[in-house]
Amino acid sequence: MAWPRAFQRGALLTRFSHHHVLGGFELKAILLPLPLEYCSNHLFPNTEEATLFLGTLDTVFLFSYAVGLFVSGIIGDRLNLRWVLSFGMCSSALVVFAFGTLTEWLHFYNTWLYCSLWIVNGLLQSTGWPCVVAVMGNWFGKAGRGVVFGLWSACASVGNILGAFLASSVLQYGYEYAFLVTASVQFAGGIVIFFGLLVSPEEIGLPGIEAEENLEDSHRPLINGAENEDEYDPNYSIQENSAAPPVKAISFCQACCLPGVIPYSLAYACLKLVNYSFFFWLPFYLSNNFGWKEAEADQLSIWYDVGGIIGGTLQGFISDVLQRRAPVLALSLLLAIGSLVGYSRSPNNKSINALLMTVTGFFIGGPSNMISSAISADLGRQELIQGSSEALATVTGIVDGTGSIGAAVGQYLVSLIQDNLGWMWVFYFFILMTSCTILFISPLIVREIVSLMHSRRAHILSE
């Protein structure tokens, strides 16, 4: 059966902690010794059963995280983002502490307790991404959002690397100390967020992004937006607009009906399936297909993250210049299909494989970062709802939640295809999902390309 084999390989690792310290790499480092611990404490009859249970933990985490994203987005638009983020980080840290440290200190081992705690952990960690995207969207306008969010979205990869270092540095003293250190740093981060995070410019008396963008043409680059600005008024106060209707959060159904939300959500489900399948399966693929050592495969797989970071930043910059996201996505995804074909035929050479892996990460990880951050912020700040409603966190939760469900389901499908048809058919499946990503946003692509051509033509005629 496909499920047990996927579990035994440890394929479903929790890389979903974007803003929390405990991410995929360090969780893998912590949990690898656990099967022997479970066996020695008679919790499981053998190591194989213990490894199967670790796969179960990862699976329930994936789905609880995906469900939690929808809820967290709604909560984030109704409560103070700083409170939600701090609560999520500190509460998740306490759950991680209870899961890995407290149970070991008390010598209390129970599979149902572990599953329950990890489900709660997934729900709590889901508070991160919608809220941090909303905070970033409050501070950075649409004109420069692509490159800023492209650089910022590297936080997931950096957090995984730092978390892995923290966990591995104390793992020699016992796995419970790895959980203790990461939970402590995470809890401290939650305290810093609570006392130090400014969720919007209005908190310190500055005009908000919407107020600034209303002073200039929303379809004009930010670098040209200052030429007709009024002179600075020292008596300006954000309270002058107190007559404006109070901002309120829109409902979940209203957020789903916003233009572009459903197409991008479905597209992200397909793209995140491919992106996270590379995260989860790449080390195993390298060791299984080429016979490389697991440690070497893990180190080599980092190049995929590097490609995604560079791709997200560069493509975000290009989309800022063009002031259109969809055409940049379309071109990148078309090239991604070619890169998948090339990588599937990579020779048994580490240098060439790393190069092809970086290119693949550039064209797949880059668009994935754009959709989950910059485009989600654009959708939640579109003109249709500006000035009267709050939707940024809700929209981000919908987009990322749908994508996470696709990623979770994809792990089973990848395992099923690989077991029955082989690795080449897995890459065919990736190509199909990448093509579906383009298909779902094809109306947006056509509309933005036509709009871009019209704006260029008008610019030429005006000269």
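One-based numbering along the chain as shown.
Every residue, even glycine, has its Cβ placed from backbone N, Cα and C.
For 12-449, the entry in TrEMBL reads domain 'Major facilitator superfamily (MFS) profile'. Look at TrEMBL and you will find 50-71, 83-105, 111-135, 147-171, 177-199, 326-343, 355-379, 425-446 tagged as transmembrane segment.
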Spatial neighbours of the transmembrane segment (355-379) not adjacent in sequence (6+ beyond its ends, CB under 8 Å) are 129, 133-134, 136-137, 140, 142, 145-146, 148-150, 152-154, 258, 260-261, 264, 267-268, 271-272, 274-275, 278, 282, 300-301, 303-316, 319, 325, 328-329, 332-333, 335-336, 339-340, 342-343, 346, 392, 395-396, 399-400, 403, 434, 437
Is it the case that the transmembrane segment (177-199) and the transmembrane segment (83-105) touch, counting contact as three or more CB pairs under 8 Å in which the residues of each pair are 6 or more positions apart? yes
Answer yes if the transmembrane segment (50-71) and the transmembrane segment (111-135) have at least three CB pairs under 8 Å among residue pairs 6 or more apart in sequence, and no otherwise. yes
Taking all residues of the domain 'Major facilitator superfamily (MFS) profile' (12-449) together, what is their mean pLDDT? 79
